[in-house]
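Colleague: First the structure, then my questions, so here it is.
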Amino acid sequence: MLSKFLTMEYLVHPGTLSLAAGVACGMCLGWGLRSHLGMFPQNSTSEANRDTETGTEASILGESGEYKMILVVRTDLKMGKGKVAAQCSHAAVSAYKQTQRRSPQVLKEWEYCGQPKVVVKAPDEDTLIQLLTHAKTLGLTVSLIQDAGRTQIEPGSRTVLGIGPGPVELIDEVTGHLKLY
């Protein structure tokens, strides 16, 4: 009990309080001046290396700052609503994981935009493959889902193509002509 009393007495000692107030004021003043004068710490070397590794990717990040993910569903397979939902979920999760690994900054931007996802129709597998090829040439993340074939459709059927997340301008260049599902 005596040690608690002595500790409390030391903490409320005028000299201790003055020291604490001085340190707090100094930190606030330093922080305020740093932000006012624009003196921010430089990027770490790992961040700088990552930026140079992704060079073109960083330069094509959406000019408007908008990002989205597109899920392209084949309509010729006549999948039920639940099947389409499951296949789209597989594509979205796969695309998310790829982007998290390859382009974490793109993923952050997409999340900041509200994680928009749009589902569109493709008439057949050939269209899906053409879209995949075009998206890859633009450097977009792609995720082609093949069904296991345990329920409604043949094993190995390519059901959904996930594109993105990525800059709206690039994704629209690939899928802008497709109709909503």
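Heads up, the Cβ atoms here are built off N, Cα and C, so glycines get one too.
For LYS78, LYS83, LYS97, LYS108, LYS117, LYS179, the entry in Swiss-Prot reads ubiquitin cross-link, with the evidence type similarity to another entry. Summarising the annotation, Swiss-Prot assigns transmembrane segment to 10-32.
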Colleague: Around LYS179 (ubiquitin cross-link), how many other CB atoms lie within 10 A of its CB?
Modeller: 8
Colleague: Need the DSSP three-state call for LYS117 (ubiquitin cross-link) to compare against my parser.
Modeller: strand
Colleague: Taking the recorded sites one at a time (LYS83, LYS97), which has its Cβ surrounded by the most other Cβ atoms within 10 Å?
Modeller: LYS83
Colleague: Please report the number of other Cβ atoms within 10 Å of the Cβ of LYS108 (ubiquitin cross-link).
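Modeller: There are 14 such Cβ atoms around LYS108 (ubiquitin cross-link).
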Colleague: Check the Cα distances from LYS83 (ubiquitin cross-link) to each of the recorded sites LYS97, LYS108, LYS117, LYS179 and keep only the ones within 10 Å.
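Modeller: Near LYS83 (ubiquitin cross-link) by Cα: none of them.
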Colleague: Tell me, how many other CB atoms lie within 10 A of the CB of LYS78 (ubiquitin cross-link), whichever protein chain they belong to?
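Modeller: Taking every protein chain into account, the count is 9.
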Colleague: How many Å separate the Cα atoms of LYS78 (ubiquitin cross-link) and LYS117 (ubiquitin cross-link)?
Modeller: 22
Colleague: Would you mind reading off the Cα separation of LYS108 (ubiquitin cross-link) from LYS97 (ubiquitin cross-link), to the nearest angstrom?
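Modeller: Here the two Cα atoms are 13 Å apart.
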Colleague: Quick one: what's DSSP say for LYS97 (ubiquitin cross-link), helix, strand or coil?
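Modeller: Assignment for LYS97 (ubiquitin cross-link) reads helix.
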Colleague: Measuring Cα to Cα, tell me the gap between LYS179 (ubiquitin cross-link) and LYS117 (ubiquitin cross-link) in whole angstrom.
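Modeller: Rounded to a whole number, the Cα-Cα distance is 14 Å.
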Colleague: What Cα-Cα separation, expressed in whole Å, is found between LYS97 (ubiquitin cross-link) and LYS117 (ubiquitin cross-link)?
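Modeller: The Cα atom of LYS97 (ubiquitin cross-link) is 15 Å away from the Cα atom of LYS117 (ubiquitin cross-link).
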Colleague: Looking at Cβ-Cβ distances, which residues of the chain lie under 8 angstroms from LYS117 (ubiquitin cross-link) while being 6 or more apart from it?
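Modeller: Residues satisfying the criterion: LYS68, MET69, ILE70, LEU71, ALA92.
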